[in-house]
Amino acid sequence: MPSNKSVSDAPIVQFTNCRILRGHQLQREDLWVREGKILNPEKLFFDEKASADIQLDCKDSIIAPGFIDVQINGGFGVDFSLATDDFKSGIDLVSQKILSHGVTSFCPTLVTSPPSVYHQVLPQISVRNGGAHGAGILGAHLEGPFISKEKKGAHPEHCLRTFEAGAFQDLLATYGSLDCVRIVTLAPEMKRSSEVIRELTKRGICVSLGHSVANLSQAEEAVQHGATFITHLFNAMLPFHHRDPGIVGLLTSDKIPAGRRVFYGMISDGIHTNPAALRIAHRAHPKGLVLVTDAIAGMGLAPGRHTLGQQVVEIDGLNTYIAGTKTLSGSVATMDTCVRHFQEATGCSVETALEAASLHPAQLLGIEHRKGTLNYDSDADFLMLNDGLYVQATYIAGKEVWRQDVLGM
């Protein structure tokens, strides 16, 4: 077929012999990519009369959208909640290393910190595309300090804050700037939280409910004001009670505004939630489940002492505790591990497991037209996986940025 380059001189790459996750199903078809975007082959053939410049045999791999981690506190010795001189090189290191976990975009997450930390760190986080340098940055996730003392988890109590008279101004003064902020986790039972939720939502910032003792009606009111996410469901909130299910009740609430969906994060590491709890949540509200790692600086490192913001934490196997306690503090799980555990624990389909780490977080952030799917004209951020859902290669903008070496190292 003659190649017609009138539209673009960029090479067309055809990925063959693969099963593509598209339309919620694995489909045996080829993937066509040019200039970082996924192409519609029909348009290519009939409008441009073009053919592939490069063909790549995927050897029967699964091709799925790249994973999006909306809650990751650090990894490989880097803690996003520590203001250091080399913060930028730290975030670069994490974004490079998580490519091997299949993560192509993420939200660096800061736990409750003093205002000085936000003022130093946030100006150093900038939204950027991914590439060979590492996963793309979608904006910061600020988890705290406007959270409940009773459910502070691993957050330092002396840094917690409440909303005073000028509630939104308090928040601005604490963070310094909202320029690169994508998600804010707060406790909705706090006085004046409603006006804060409205103001954040107005600015396109996702409000998440967490570290909270809110009852169901307080949680529903927060959703009516614009909140759309629940931070690590079941962890750091009132346990489910049949007379008042608390924030957990949002999964089946009939008070969610029409046309809106509440999403919820799950740390599917086999430690933070019992597999039965994971199954209950998934069966109650499958389309809202978003897998998150909640990974801390110790991810990828040997057991021992590490940091999480202002606290010292100890890693013991896959458990991470505040030093000297049995309070869980983040995880050392990787996103690909969470996907495999989720699929195994719930018995869900491969497609469902993959979408919980790609489509759902993209929908939460309102970027599903670009990320989280393999639809035509989407960003060509995708993974090759084997049938066991182990990542074999990671692509960003159609270019290979990581590949498992032949020895499986």
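Using N, Cα and C of the backbone, Cβ positions are placed for all residues, glycine too.
TrEMBL labels come from automatic prediction, so no person has curated them.
What TrEMBL annotates here:
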DOMAIN    62-401  domain 'Amidohydrolase-related'
BINDING   GLU143, HIS211, HIS232  Zn(2+) binding site
BINDING   ALA154, ASN235, ALA236, ARG243, HIS272, LEU328, SER329, GLY330  substrate binding site
ACT_SITE  ASP294  active site, proton donor/acceptor
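Structure coloured by features recorded in TrEMBL.
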| residue | record | contacts (Cβ under 8 Å, 6+ apart) |
| --- | --- | --- |
| GLU143 | Zn(2+) binding site | GLN71, THR109, LEU110, VAL111, THR112, HIS155, THR185, GLY210, HIS211, THR231 |
| ALA154 | substrate binding site | VAL111, LEU308, GLN311, VAL313, ILE322, THR327, LEU328, SER329, GLY330 |
| HIS232 | Zn(2+) binding site | GLN71, GLY210, GLY265, MET266, ILE267, HIS272, VAL292, ASP294 |
| ALA236 | substrate binding site | LYS151, LYS152, GLY153, GLY210, HIS211, SER212 |
| ARG243 | substrate binding site | none |
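Of all the binding-site residues listed (ASN235, SER329), ASN235 has the fewest other CB atoms within 10 A of its CB. Highest local Cβ density among the binding-site residues HIS211, HIS272 belongs to HIS211, counted as other Cβ atoms within 10 Å over all protein chains shown. In the structure as shown, the Cβ atom of ASP294 (active site, proton donor/acceptor) sits within 10 Å of 29 other Cβ atoms. Here the binding residues for substrate are ALA154, ASN235, ALA236, ARG243, HIS272, LEU328, SER329, GLY330. Their largest Cα to Cα distance works out to 30 Å. In sequence order, GLN71, GLY144, ILE147, GLY153, HIS155, THR185, SER208, GLY210, THR231, ASN235, ALA236, ASP294 are the residues of the same chain, not among GLU143, HIS211, HIS232, whose CB sits within 8 A of the CB centroid for the Zn(2+) site. Here the binding-site residues are LEU328, GLY330, and the one with the most other Cβ atoms within 10 Å of its Cβ is GLY330.
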